[in-house]
Amino acid sequence: MTSCNDKVKNFACVKRLVAQAVEKNAKVIFLPEGVDYIGTNKDQIKELAETLDGPLIKEYSYLAKENKVWLSIGGFHEFVKDNEEKKLNNCHIIIDDHGRIVSIYRKLHLFDVYIPERNIDLKESDNVSGGNEIIEPVKTPAGMIGMAICYDLRFPELSTLLRKKGATIITFPSAFTNTTGQVHWEVLLRARAIENQCYVVAAAQYGKHNKNRISYGQSLVIDPWGKIIAEGQKYTDSKPNDESVIIAEVDNNFISQVRNDMPVLEHRRNDIYKLIEMKNEQIFPDYRFNYQFADKVIQSSTVFYCTKYSFAFTNIRCVVPGHVLVSSLRCAKRLENLSADEVADLFQTVVKVQKVMELVHNSSSSTICVQDGKYAGQTVAHVHCHILPRKQGDFANNDDVYMQLANHDKEGSSQIRTIEEMSKEARTLRNYFYPS
């Protein structure tokens, strides 16, 4: 399809396309990026945006329910209330055949190209905020759909993580530019299908949207062997717009055959390199049990944040107000004893806790310190990180903080806080991570 800046006109086109697909017994219908609209300027892009509970998504939900089909809304401009930056989200939404939204993915990688001498100004980040998570594949009648959008295609790690999460179909709804599409579009899509042994579905915008914007078209469905099994038209000057449907059948037995014949995922050298998702799995602290910190017991009432691999707790001796600790849940003496997942989680947790401590203590700087081993000053043989919110003039000499850290837990060096005091601080901090 060739979206324009008229949402009513675009939705009318979608209704026609859905009707055609339903006639051909489609169970899941994939629509391109910018299916709601493609604006003519930055102001209009923001003005036309809606919330996910707005009238247009309600229309799409009714359309799916009425036709008893699943819809992949490939790119919807989501208006976010109370957003100080006044930016939108570029959302990929899947609606089931009952009209329910079952998954929402917000585009991670934003397309920013500015070449003034060639009159190219395509800075998606002017209007859109990047997403912050990879969404679990969605179970549909066609298979397990891994969700991405357009420019995400150029970042193969995302596709591989979706495959590792169980995707059998990876979808790239797009509005690819005509210039890059002619050279890169098909090659990239086939590569993602081959390397991940998934079907790739790429519903594409086609044609001249306005005087400044032309999309390449060539909607594609590619099988796990890299073969094109359905293809739409490529842009030509003689045909400025297009409205058409392509149909393909997914064969799950073929997916299994390809993966069994060439088990590339099993052949990855995870002992040498590893692809992991940088994700904190937040868990509410369990107050039924205390936490182990080497040979010491940390009272659960002093723990204010937990993840799958790490926990944060208030400190018995503080160098500065707000001095807290983050430790691995598993007892490990040094960083080298942690797995890659544990290391990633530990430092993501540190950053998250740091932000909160700076907010609470009206600070814009922090000292972050890991004493990794006895001769680095570690007195508790369990990996942990000190977080100290800093302020101007809190030490006569800035580097004195390290001397204080080296000595703060020695007898008589600083005041020992009571469990009641530490628990009270933890209760306050917990509200920042687990708002009721």
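Every residue gets a Cβ built from N, Cα and C, even glycine.
Annotated in TrEMBL:
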- His384: active site, tele-AMP-histidine intermediate (ACT_SITE)
- Asn315, Gln371, Gly377, Gln378, Thr379, Val380, His386: substrate binding site (BINDING)
- 1-252: domain 'CN hydrolase' (DOMAIN)
- 290-397: domain 'HIT' (DOMAIN)
- 382-386: motif 'Histidine triad motif' (MOTIF)
- Tyr402: site 'Important for induction of apoptosis' (SITE)
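Packing against the motif 'Histidine triad motif' (382-386) from elsewhere in the chain are residues 292-294, 319, 323, 325-328, 331-335, 337-338, 346-347, 350, 367-372, 405: each is 6 or more residues past its ends and has a CB under 8 Å from a CB in it.
Taking the Cβ of Tyr402 (site 'Important for induction of apoptosis') as centre and 10 Å as the limit, one finds 15 other Cβ atoms among all the protein chains shown. Under 8 Å, Cβ to Cβ, and six or more positions away along its own chain, Asn315 (substrate binding site) finds His323, Val324, Leu325, Arg417, Met422.
Remark: secondary structure over the domain 'HIT' (290-397) totals 30 helix, 34 strand, 44 coil, with classes taken from DSSP. Of the residues the record lists as binding substrate, namely Asn315, Gln371, Gly377, Gln378, Thr379, Val380, His386, the two whose Cα atoms sit farthest apart are 17 Å from each other. When the Cα atoms are compared, Gln371 (substrate binding site) and Tyr402 (site 'Important for induction of apoptosis') turn out to be 11 Å apart. For Thr379 (substrate binding site), the count of additional Cβ atoms within 10 Å of its Cβ stands at 11 [all protein chains shown]. Taking CA atoms as the reference points, Thr379 (substrate binding site) and Tyr402 (site 'Important for induction of apoptosis') are 14 Å apart. If you draw a 10 Å sphere around the CB of Gly377 (substrate binding site), it holds 15 other CB atoms from the protein chains shown. Taking the C-alpha atom of Tyr402 (site 'Important for induction of apoptosis') as reference, the shortest distance to any of the recorded positions Gly377, Gln378, Val380, His384 belongs to Gly377. Distance from the CA of His384 (active site, tele-AMP-histidine intermediate) to the CA of Gln378 (substrate binding site) is 9 Å. Note: the substrate site is recorded as Asn315, Gln371, Gly377, Gln378, Thr379, Val380, His386; in the same chain, His384, Leu405, Asp409 also have Cβ atoms within 8 Å of that site's Cβ centroid. Here the Cα atom of His384 (active site, tele-AMP-histidine intermediate) is found 12 Å from that of Gly377 (substrate binding site).
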